[in-house]
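Per TrEMBL, the features are as follows:
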- 100: active site, tele-AMP-histidine intermediate (ACT_SITE)
- 5-114: domain 'HIT' (DOMAIN)
- 98-102: motif 'Histidine triad motif' (MOTIF)
Ligand code: 5GP
Ligand code: ZN
C-alpha cells in the first residue's frame, strides 16, 4: 500500500532500527518502547490487522512468530520471558493499520493488561 507507514518501513523508504529482515517479515524496534525490549514484527506485504487473518495465512503466522522468537532470543529475553501481542481495532489501542506483532520483554509485564 503506497501510503502505509509500515509498508514504507518494510520497503526501506522510512528509516527504522531494523534487527531482522527476510523475504516475508521485517523486525524493527518500536519508536516508543514500553519495555526494555519492544520490537515489532510485520509482514512485508500489506495486511490490515490480525482481524483479517484466516485459515489461509498459516505460513505467514508461523513466519511472524518464528521471527519473534528468534528476535527475543537475540535480545536475551527468551529465558526471562516475553509477551507477543496483536492489537486489533480501537478498543485494543491499535494505531497503525498494518499487521504487527509486538514483542515485549526485559522486565516483568503486568497481567491482566490495563
Ligand atoms: P499499535 O498501537 O497499533 O498496536 O502499535 C503501533 C506501534 O507502532 C506503537 O507501539 C508505536 O510506538 C509504533 N510506531 C508508530 N510509528 C512508528 C514509526 O514510525 N517507527 C517505529 N519504529 N515505530 C512506530
Ligand atoms: Zn502496509
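The backbone N, Cα and C atoms fix where each Cβ goes, and this holds for glycine too.
Automatic, uncurated: that is what TrEMBL annotation is.
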With helix taken as DSSP H, G or I, strand as E or B and everything else coil, how many residues of the motif 'Histidine triad motif' (98-102) land in each class?
0 helix, 2 strand, 3 coil
Going by DSSP assignments with H, G and I as helix and E and B as strand, what are the residue counts for the domain 'HIT' (5-114)?
32 helix, 25 strand, 53 coil
